[in-house]
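Swiss-Prot has this to say about the protein:
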TRANSIT   1-40  transit peptide
REGION    18-37  region 'Disordered'
DISULFID  CYS67-CYS72  disulfide bond
SITE      CYS67  site 'Activation of NADP-MDH'
SITE      CYS72  site 'Activation of NADP-MDH'
BINDING   GLY96, ALA97, ALA98, GLY99, MET100, ILE101, SER102, ASN190, VAL214, GLY215, ASN216  NADP(+) binding site
BINDING   ARG177, ARG183, ASN216, ARG247  substrate binding site
BINDING   GLN197  NAD(+) binding site
DISULFID  CYS408-CYS420  disulfide bond
Amino acid sequence: MGLSTVYSPAGPRLVPAPLGRCRSAQPRRPRRAPLATVRCSVDATKQAQDGVATAVATEAPASRKECFGVFCTTYDLKAEDKTKSWRKLVNVAVSGAAGMISNHLLFKLASGEVFGQDQPIALKLLGSERSFQALEGVAMELEDSLYPLLREVSIGIDPYVVFQDVDWALLIGAKPRGPGMERAALLDINGQIFADQGKALNAVASRNDEVLVVGNPCNTNALICLKNAPNIPAKNFHALTRLDENRAKCQLALKAGVFYDKVSNVTIWGNHSTTQVPDFLNAKIDGRPVKEVIKDTKWLEEEFTLTVQKRGGVLIQKWGRSSAASTAVSIVDAIRSLVTPTPEGDWFSTGVYTTGNPYGIAEDIVFSMPCRSKGDGDYELASDVLMDDFLWERIKKSEAELLAEKKCVAHLTGEGNAFCDLPEDTMLPGEV
């Protein structure tokens, strides 16, 4: 099968598709055409006035070869619920879209669980030449799921095409660490991927694009990506540490004998590695400081931290695979924390750019810190944070690791020659 082909709803065979052209010319590099597009057209004016869509007509596959089955349908927005108000279509790109994490995530995105039940969505799926057939299979499953909010699905292997006009980029795809691979080598290999994707986002994505980096090592990959995308505010880049936060909440709830909805103000400081700092000093259980509820200081300082750090490895030992489903849930949580207002007094953890932070953490790295949002996609760092010597000492250890990683990838961030001196291996279990 050629790479410029699309699935035809008329039958199981593949039909040739003409090469497409991108609106934003990129003379410095050759372009591939989008490999396939699944699109549901919506009239924006009618959308604002009339409400929910009803399928009334389907174009012939020959006239719209980019269509994928039912997504060739045109919706008549005058036909149904007059009180329903659709928001503007949100374009979401997902890299590593044929992987296990994405397999859980994409259906949550399409269902409205993430952005809301009045938010139409377009999914733009980035893969590789090797994963292209799997991407077609993903698109077929999305088609069969009949999500009314899912208006477009496109698949491709060129980030300059897939990232066109995206509002959110969820960068999951990264090379796993192979047997005998040095951590410095993994930083370089994955760093190249995120440098290229940063350049593509810089060239063609929305200027207000929100970027969530999941592929590991995610903090430094996020730094590389933002350094290669100066057209997008550095504040818009995030490294996923929400799964670590969720794991910490679970352990505190178990120890206190409460359900986890009673646990708040949990922070993961630092790197997504075994130097991460689950913060129990500021955490609360049912509105009370954790140290007032859990009086076992030795457990908090030792077992709690180690349990959170090693949770992924234990899961692999039990199940034989890494935590794809819970990672997808944590991505949903991370996005929702930015698009819905933070509950009063609470905060959430996300890896963000440190320049200008109020805590004294080194600038110009991506570091997980406590944040609050008004629900507009923006955030502010929490100011009402307690700090003691025990917490600060561990924060500085994670900071030192990220500064060392930054030196390893200086050639990818425009800061000269790389120098790599990583004295210990702190990759989280399951990521080696």
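Cβ coordinates come from backbone N, Cα and C, glycine included.
Distance from the CA of the residue listed as 'NAD(+) binding site' to the CA of GLY96 (NADP(+) binding site) is 12 Å. Neighbour density around each Cβ, counted as other Cβ atoms within 10 Å, peaks among the recorded positions MET100, VAL214, CYS408, CYS420 at VAL214. Across the binding-site residues listed here (ARG177, ARG183, ARG247), the residue whose Cβ sits among the most other Cβ atoms within 10 Å is ARG247. Ranking the binding-site residues MET100, ARG183, VAL214 by Cα distance from GLN197 (NAD(+) binding site) puts VAL214 first. Cβ neighbour count for ALA98 (NADP(+) binding site): 22 (other Cβ atoms within 10 Å of its Cβ, all protein chains included). A simple way to gauge crowding: the CB of ASN216 (NADP(+) binding site) has 24 other CB atoms within 10 angstroms, across all the protein chains here. In sequence order, VAL94, GLY96, LEU125, VAL138, ILE172, ALA328 are the residues near SER102 (NADP(+) binding site), counting only same-chain partners six or more apart with C-beta under 8 A.
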